[in-house]
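Novice: Sharing a structure, written as structure tokens. Questions coming.
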């Protein structure tokens, strides 16, 4: 069994927090992009569309690598059942809390903003269910995927650990070329599966729960397992934390290919399959770019960084309805896209931090939005002398 490192990986904590917080400018820029969303500005901005595409092209791939890294670290720390329980509680409880407190009010607001409240009674039972699946899971989808991955990895991590006990891990060698070929094949495999489903029964691809539980899990699971392997094999981790011009150049070229596919691809043709292949290898190369950058600049501890690491999940959870509120009721009154974008950042981040500070002072909310039980200090229990 691998020993759990005593020193905390500060740069990975920081990267994970920044990737979470990048969801704020991502969704605000989505309002001002050429992509159709719940709410959009009158005229799209080319540069904010480019900025939005850049974040979207790699953010969650890198996030799931870090999640897999820390998940395997905890897998070695706890017994199997306790590990599953702890991991599911820490992502499942915040997700279940956010549905009635955040995404349900958000859904009701959007029904009136988009003028769909009157047509709701006329929808079929399945359409109501599917609409609620998309709208109530909403930006919480990655938490649902983490619950599914954690459950799958009860078996996968056991197999990995058993294989390690029967082999010499020091002889395992990794190269970015080999990994690139593997992830290219994984991307092609995912594209084949999606195209097959599209041919056999296309309506299932528009089913919200199928999309989240099956398709998203299928795409991001290789990154989650890659993170676990990076924890196990120091050579693999060093491969990601060492700057590589090849990875940077390859990522830049892949991003250009991603943009071209967005611009000229067609959803009725091969756009989504092509995107899955591109983003699979782009995500791998961006792990090197982000890890090496973060290892060089973010590998330290500070009170400010710790604050945002702890606050990142809560801020991400509450930012989405705040962003949609801003887009629906404030964006129409700001003529400049860039000014609207900056005002949106100030509005959303400011209110999110205020709400975070309020929730810290309410033990029940603190538990519900973190999944961590409130631990009382021994000093609090000791009688006064």
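Cβ coordinates come from backbone N, Cα and C, glycine included.
What Swiss-Prot records for 17-37, 60-80, 91-111, 137-157, 173-193, 212-232, 239-259, 274-294, 311-331, 338-358 is transmembrane segment.
Help me see these features in their spatial surroundings.
Specialist: If you look at the transmembrane segment (60-80), the same-chain residues 6 or more away from its ends with a CB under 8 A from one of its CBs are 1-5, 9, 12, 15-16, 19-20, 86-87, 142, 146, 149-150, 153-154, 157-158, 160-161, 220, 223-228, 230-232, 279-280, 282-284, 286-287, 290-291.
Within the chain carrying the transmembrane segment (91-111), a Cβ under 8 angstroms from the stretch's Cβ atoms is held by residues 38, 117, 120, 132, 135-140, 143-144, 146-147, 150, 313, 317-318, 320-321, 324-325, 328, 367-371, all 6 or more beyond its ends.
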Novice: Sequence gap of 6 or more, Cβ distance under 8 Å, 3 or more pairs: do the transmembrane segment (239-259) and the transmembrane segment (173-193) meet that?
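Specialist: By the criterion, they touch.
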Novice: By Cβ distance under 8 Å, which residues at least 6 away from the ends of the transmembrane segment (17-37) in the same chain are close to it?
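Specialist: Beyond its ends, the transmembrane segment (17-37) has Cβ neighbours at 44-46, 48-49, 51-53, 55-56, 59-60, 62-63, 66, 139, 294, 298, 305, 308-309, 312-313, 315-316, 319-320, 323, 326-327, 331, 337, 340-341, 344-345, 348-349, 352.
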Novice: Under a criterion of three or more Cβ pairs within a distance under 8 Å and sequence separation of at least 6, are the transmembrane segment (212-232) and the transmembrane segment (311-331) in contact?
Specialist: no
Novice: With pairs 6 or more apart in sequence, are the transmembrane segment (173-193) and the transmembrane segment (274-294) linked by at least 3 Cβ pairs under 8 Å?
Specialist: yes
Novice: Cβ under 8 Å, sequence separation of at least 6 from the ends of the transmembrane segment (311-331): give me the contacting residues as numbers and ranges.
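Specialist: For the transmembrane segment (311-331), the far contacts come to 16-18, 20-21, 23-24, 27-28, 31, 37-41, 94, 98, 102-103, 105-106, 109-110, 113, 138-140, 340, 343-344, 347-349, 351-353, 355-356, 359, 369-370.
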Novice: State the residues, same chain only, that lie 6 or more residues beyond the ends of the transmembrane segment (274-294) and have a CB under 8 A from a CB inside it; answer 'none' if no residue qualifies.
Specialist: 11-12, 14-15, 18, 57-58, 60-62, 65, 176, 179-180, 183-184, 186-188, 190-191, 194, 219, 222-223, 226, 239-244, 247-248, 250-251, 254-255, 257-258, 261-262, 265
